[in-house]
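S.K.: According to TrEMBL, the protein has these features:
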{"type": "DOMAIN", "residues": "1-90", "note": "domain 'CARD'"}
{"type": "REPEAT", "residues": "590-631", "note": "repeat 'WD'"}
{"type": "REPEAT", "residues": "632-673", "note": "repeat 'WD'"}
{"type": "REPEAT", "residues": "674-717", "note": "repeat 'WD'"}
{"type": "REPEAT", "residues": "718-759", "note": "repeat 'WD'"}
{"type": "REPEAT", "residues": "857-889", "note": "repeat 'WD'"}
{"type": "REPEAT", "residues": "981-1013", "note": "repeat 'WD'"}
{"type": "REPEAT", "residues": "1022-1062", "note": "repeat 'WD'"}
{"type": "REPEAT", "residues": "1063-1104", "note": "repeat 'WD'"}
{"type": "REPEAT", "residues": "1105-1146", "note": "repeat 'WD'"}
Amino acid sequence: MDMMARSCLLLNSEALERDIKTSYIMDHMIADAVLTLQEEEKVKAQMTQRERAAMLIKILLAKDNYSYISFYNALLHEGYKDLAALLHKGIPTMSAYNGKSSMDGVTSYVKTVLCEGGVPQRPVVCVTRPNLIKGIQKELYKLKNDPGWVVVYGMAGCGKSVSTAEALRNHKLLEDCFPAGVYWLSVGKQDKSGLLMKLQNLCVRLDQDFTYSQRPPLNIEEAKDRLRLLMLHKYPRSLLVLDDIWDSWVLKAFDNHCQVLITSRDRSVTDSVTGNVYEVSMESGITCEKGLEILSLFVNMKIKDLPEQAHNIVRECKGSPLVVSLIGALLRDFPNRWAYYLRQLQNKQFKRIRKSSSYDYEALDEAMSISVEMLPEDFKDYYKDLSVLQKDVKVPSKVLCILWNMETEEAEDILQEFVNKSLLFCDRNGKSFHYYLHDLQLDFLTEKNRNQLQLEVFKRHTGHNFQMWNTFFFFFQELCALMFSLDWIKAKTELVGPAHLIHEYVEYSHILDEKDTIVRESFQAFLSLNGHLLGRQPFPNIVQLGLCQPECSEVYRQAKLRAQQEVSKGAFYLEWINKKSMQNLYRLVVRPHMDAVYHACFSQDGQRIASCGADKTLQVFKAESGEKLLEVKGHDDEVLCCALSADDRFVATCSADKKVKIWNSITGQLVHLFEEHAEQVNCCQFNNTNCQLLLVTCSNDTFIKLWDLNKKYSRNTMIGHTDAVNHCRFSPNDKYVASFSADGTLRLWEVCSANELKTIDMKDLFRNADEHQDDVEVLVKCCSWSSNCATIMVAAKNKLFLFDVETSDLLAEVLISHHSTIQYCDFCPSNQLVAVALSHYSVEIWNSESFSKVADCRGHMSWVHCVAFSPEGSLFLTSSDDQTIRIWETSKVCKSFAIVLKREIDVVFQGNEVTVLAIDNQKRLQVISGNTSHTVYLTEAQESLICCCCLSEDLQFAACGEENGTVKVFNLSNGRIFKSKACHSKSVQHCQFTSDGHTLISSSDDSTIQMWNWLSEECVLLKGHKEAVKNFRLLENSKLLSWSFDGTIKLWNIITGELEQDLVCHEDAILSCAVSPDAAKFSSTSADKTAKIWSFESSAVIHELRGHEGCVRCCAFSFDNWFLATGDDNGEIRIWNVSRGELLHQCSPVAVDGEPVHGGWVTDLCFSPDSKILVSSGGYLKWWNVDTGESLQTFYTNGTNLKSLCVSPNFKVYVTVDNLGILYVLQKME
């Protein structure tokens, strides 16, 4: 490094160390190949910002002149212009002809010229586009001898600036055409004062020796004259680059008969300038290969080593170099976020794709929206209407003429304005014009205007008087054709989600009903009940969803027709052959949040629902359609509760951030902020009258506070609880407030005085005779008042308690569940019904007078946090960890309470007949015809709970194992017990007949297996496991394989009862085993997150299969012995090569909207006989292509948590039961 440059660095080192942030500066220097990655790590290793800057300068002092120039240019581009000015006099003089060339062919002369001219350096990652660069250079050569303009134009993020700068890195071009230099000016969107500042800075840069003036120009006209003199006399053969031009009037200041290159999104921006204009159009996207190359450079990996998500990310980026680069820069900093950023792209979450460089806009959505904002006001609405365009479809101008009700020429003028600004693309085919949007623009436009799409366009352009529909009969016909089309539902829900479309069926019902009321109702019901599925990514197969509708439905008819067409082309679809005309218990399922929904409530008119949750947002949506009305992101932590005021004007929220906020329920404007609680605020509720709005809140700080919305501070603080207060609620007459605490007490307070009225210690109700009071822990979860205020219901642990408010007497105590705790409860305001949310994902309806269960409402896939009735009691809602809110019809639910099946079943396939043996909730066995769902045999109710069941192969006998250890054999001719034996001391978990039907094998939690010949009454006891037997498998040659929670697998001789092999296989419980079809190997899976393949002959491990991140719950061999499939509790399925133990595929490892692929555990697996297809069960059923690991089909059951799957030998029939007790017999369509 020259002495002058070195001295300049040392002299200004203190200022540099104090001010610079090294991260982005090093990015520029690495791109210039003057700083190594090892040196970058050395800088990053320093503890403070100042130490990092000092280390960078120390490294720089040991380098050459090119490093100094790179550092200087990096300061300029990162906004440190004052610091760069300190180093300017130290810039080394570089010979233009010394021939020294950098590694990429750019000479030192080029570097010096571009550095002095302020041309942007290459990005840290730069992928060349040679054809485009040559095109720009070709047009620049036309400016060699004559003044003129070169315009490089294209849509936002297509790489205009980077490509232009790259085109200038050419020694011959600069030497031949622009020997006086290149001067780069970033303009952007400017007003007149901003433009003047840009011109002043440019004049100072070009006239540093003050040849023409000692002061900067004072106005734009003076600046234009100054610039003309400088360019004509001082820099006669130079190039002026104006980057990011938005307005044509800006160019008038630079119209001085010199050589100018501009970049712009607007092709027409040079229409008003004088001189020759040469255009270079930027292609709208890069190839997939280029996109992968960019990602590989950012993350420092070879393209072939990139994860599977890389290809999906590039595809979702729609070819935009900006988006690929933004994602790449983020992945460089967060290398484990491939799935996260893919999900944000799929969900159109552009705001979350934030900059990680010096790009001009903070986030991707800002870069795209600025172009739209620059349109004239009357053009913006027309541009929003382009949301109706479909991807990959080019629309003729005639369509938009009809849409906008204008002449062809008028429409084409508007469209050309969009084309000029790179907001739309035009394909000119002869005399006709066809228009289309780039995929990224369409995604952005759809997300931005999702509540104002297709039918709003019809509404606006035909007026609000719907009598005009009679005049526009064409539109009426088109509306019905669209709304009654499964293809339309698919297209529109992919664009905007289901809620908007449900709203349209409601709003335009009077029009659609003129065509066919029944069809309209069937489509509306289909959307309402499947909306939570249709709103997710990746988008489910809507044809398969339609096949689950009643056969009389128009939705089913269209789905069946489409499925038959696609099956003939090799597609995979399933018919639910035992489907009845099932009446769904819930009216609507919505998914308003991206995380758990903690609370929801109805408005007083029942038209709206407010909800809040772990995603820190408040949502308000229509109760009938789920259409979003309001979204508020106003808390710094999870929002735990929300409440609407009695007049519905306000909505309150309270949060783990210790704050209580009051919002305008229509506009979302913050009205009040209360910050008096010292810990998280658990609950909030408004009083029930309009005359004086009061709010009550409770917190972990043990206090209850009463707020008057007309005052800044709390009106009263109620002190008395000694632990966190979980819940509080006004009485219906607003005289009292009830509060419930982790201290085990219920307290009643008078509203008028805030004095404590009475305390009820719930610990007394749970204490045994020999327990002290302090030994009992009772968490009182919540309460609900009766409509007459005479009684109050309290939920604690697994019981409901009913107290008389006046006397504090306990009126009733109801044990709701033996195995679940109560999460929430609510009184119906119109009758004696009580809704209770339980920890096993269900909601039960009880009669508070008879204390009998009226209904069991299942459907949620995770914990239910809240249940609330509508003001008149006709509806109730439930909210859950599964991110959904379900709205139920009270009367329909109460009429539906019936016998439901448990998930333990056995199935026998005989020809085309399917026979199912199932356990119902009345402790009975049912033999069901799978084809019709008719019950063929029904046993009497048993005294003990039935845990398992099985059928003999000849269908003459059935057997069951009970919780008390008893095993029973039933004669199916009369449904009566044939034989019974107390075989075990604990619950019987599995039972199975031998092939001759004479022997029944059972395994139990008592760690034994019993071989019972029920004809001869002979028994063989297999005893050796130390913990509960998980399951067993009957083998040939009188052998039996069993596995246990004790981590062992044992091989038994079932005739002698001898233990032949005893293998300690895993460090934790063994969850499943499978035997290869050739009987040479078996596999085991365990809670220790591993699977193993074993040899029967040597009893040794052949392969240990690692990689699962959850308990490996199931496994299956393919029929050709080539593959082993394993499934875990994270919803991941892996396919392995059996002989080599290598992982072949991870079936859809990317999570869906933050959920596991299977909605939970993978519980069962089965290969097809040709080993080409794999079926799996979990939260629902999925079929996979074994060769590729890709999903072929998904069948969403009404419930979830499928325990097992029975598959016919020909792989055409599949049988399972969900947690709602619904039996599914599915048949592959052919």
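Numbers run from 1 along the shown chain.
A Cβ is built for glycine as well, from the same backbone N, Cα and C atoms used for every other residue.
Any TrEMBL annotation is an automated prediction that lacks curation.
Buried or exposed, and what's around them? Tell me for each listed feature.
M.R.: Note on the repeat 'WD' (590-631): residues 451, 498-500, 502-503, 505-506, 528, 531-532, 535-536, 637-644, 646-648, 651, 653, 655, 663, 665-668, 862-863, 865-866, 868-872, 874-875, 877, 879-885, 887, 1153-1154 of its chain, located 6 or more positions outside it, place their CB under 8 angstroms from a CB of the stretch.
Panel annotation: around the repeat 'WD' (632-673), residues 598-605, 608, 610-614, 616-620, 679-690, 693, 695, 697, 699, 707, 709 of the same chain, lying at least six beyond its termini, place a Cβ under 8 Å from a Cβ of the stretch.
Within its own chain, the repeat 'WD' (674-717) has Cβ neighbours under 8 Å at 637, 640-647, 650, 652-662, 723-730, 732-734, 737, 739, 741, 749, 751, 754, counting only residues six or more beyond its boundaries.
Nonlocal intrachain contacts for the repeat 'WD' (718-759), taken as residues 6+ away from its ends with a CB within less than 8 angstroms of a stretch CB, comprise 679, 682-683, 685-689, 694, 696-706, 776-785, 787-789, 792, 794, 803, 805, 808, 829.
With a cut-off of 8 Å between Cβ atoms, the residues of this chain six or more beyond the repeat 'WD' (857-889) that come close are 532, 585-602, 604-606, 609, 611, 613, 623, 823-831, 833, 835-839, 841-845, 1153-1155, 1159-1160, 1179, 1198-1201, 1219-1221.
Per-class residue totals from DSSP over the repeat 'WD' (981-1013), listed helix then strand then coil: 0 helix, 20 strand, 13 coil.
Looking just at the repeat 'WD' (1022-1062), the mean pLDDT is 93.
Residue counts for the repeat 'WD' (1063-1104) under DSSP, helix first, then strand, then coil, are 0 helix, 23 strand, 19 coil.
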S.K.: Per DSSP, what is the helix/strand/coil residue tally across the domain 'CARD' (1-90)?
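M.R.: Counting residues by DSSP class gives 68 helix, 0 strand, 22 coil.
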S.K.: Near the repeat 'WD' (1105-1146), which residues from the same chain, at least 6 beyond its ends, have a CB less than 8 A from one of its CBs?
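M.R.: Apart from its flanks, the repeat 'WD' (1105-1146) reaches 308, 1071-1078, 1080-1081, 1083-1087, 1089-1093, 1155-1171, 1174, 1176, 1178-1179, 1184, 1186, 1188-1189.
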S.K.: Please give the sequence-distant neighbours of the repeat 'WD' (981-1013): residues at least 6 beyond its ends with Cβ less than 8 Å from one of its Cβ atoms.
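M.R.: Long-range Cβ neighbours of the repeat 'WD' (981-1013): 947-954, 956-957, 959-969, 1019-1023, 1025-1032, 1034, 1040, 1042, 1044, 1046, 1052, 1054, 1057.
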